[in-house]
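Noted in TrEMBL for the protein shown:
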BINDING   GLY88, GLN89, THR90, SER91, SER92, GLY93, LYS94, THR95  ATP binding site
DOMAIN    6-175  domain 'Kinesin motor'
Amino acid sequence: MADESAVKVCVRVRPLIQSTEVTDLVPVHWKADKQAIHQVDEGCITKTFNFDRVFSAVETTKQLYQEIAKPLVVSTVQGYNGTIFAYGQTSSGKTFTMMGSSHMPGVIPLAMEDVFLTIKNCPKKEFLLRVSYMEIYNETVTDLLCDSWKRKPLEIREGNYVRSKTCIRTLLMSL
């Protein structure tokens with residue numbers, strides 16, 4: 001894909017769950033490299049799907065963040081808009097990639113750490129942060145920064161914006 005594109009399409013291959021691990025008895029019907037996923041039929045590649053980057057099952061969230069998300073975070077601190085969009089079927093690893101775990105932070109905690117570190121390192125500069133964290137599920141948009149007990153579907157209006165009637169939250173973080 002073109003390097004000059006503002007949109008990057010990346011795929012992260014989720015490790016197989018132990019109960020579905022491939023054995024010699026189960027044929028693998030695809031393989032991946034750094035920029036493509038290939039469909040394999042009877043030992044031959046029959047289709048290729050190209051992406052800006054394909055992250056293998058052994059690559060970490062930190063590697064994904066450093067290569068794809070961090071440059072976007074840096075540009076947002078410089079005043080540009082940025083979006084990271086995770087898409088996939090149930091159990092494909094979206095939440096793990098974005099949120100992580102207590103011992104392996106995801107894209108969102110890593111991004112917030114970098115944003116606040118940048119702010120701390122620029123004490124003479126004033127920053128205004130606006131962050132959205134939304135889920136789109138079954139054609140319903142939900143604000144995930146709202147407390148779960150206040151959570152209601154967001155209103156979608158003409159003009160390409162989402163308006164929340166449910167809550168406005170100010171996030172304060174001491175540096």
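Note that Cβ sites are derived from N, Cα and C of the backbone, with glycine treated the same way.
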For SER92 (ATP binding site), the number of neighbouring Cβ atoms whose distance to its own Cβ is within 10 Å equals 14
Local Cβ density at GLN89 (ATP binding site) - other Cβ atoms counted within 10 Å:
7
Among the binding-site residues THR90, THR95, point out the residue whose Cβ has the most other Cβ atoms within 10 Å, with all shown protein chains included in the count.
THR95
For the binding-site residues GLY88, GLY93, the largest set of other C-beta atoms within 10 Å encircles the C-beta of GLY93
Which number gives the other C-beta atoms within 10 angstroms of the C-beta of SER91 (ATP binding site), all protein chains shown included?
10
Take the mean position of the Cβ atoms of GLY88, GLN89, THR90, SER91, SER92, GLY93, LYS94, THR95, the recorded ATP site. Which other residues of that chain put their Cβ within 8 Å of it?
ARG14
Around the Cβ of LYS94 (ATP binding site), how many other Cβ atoms lie within 10 Å? Please give the count over every shown protein chain.
18
Mean of pLDDT values spanning the domain 'Kinesin motor' (6-175):
82
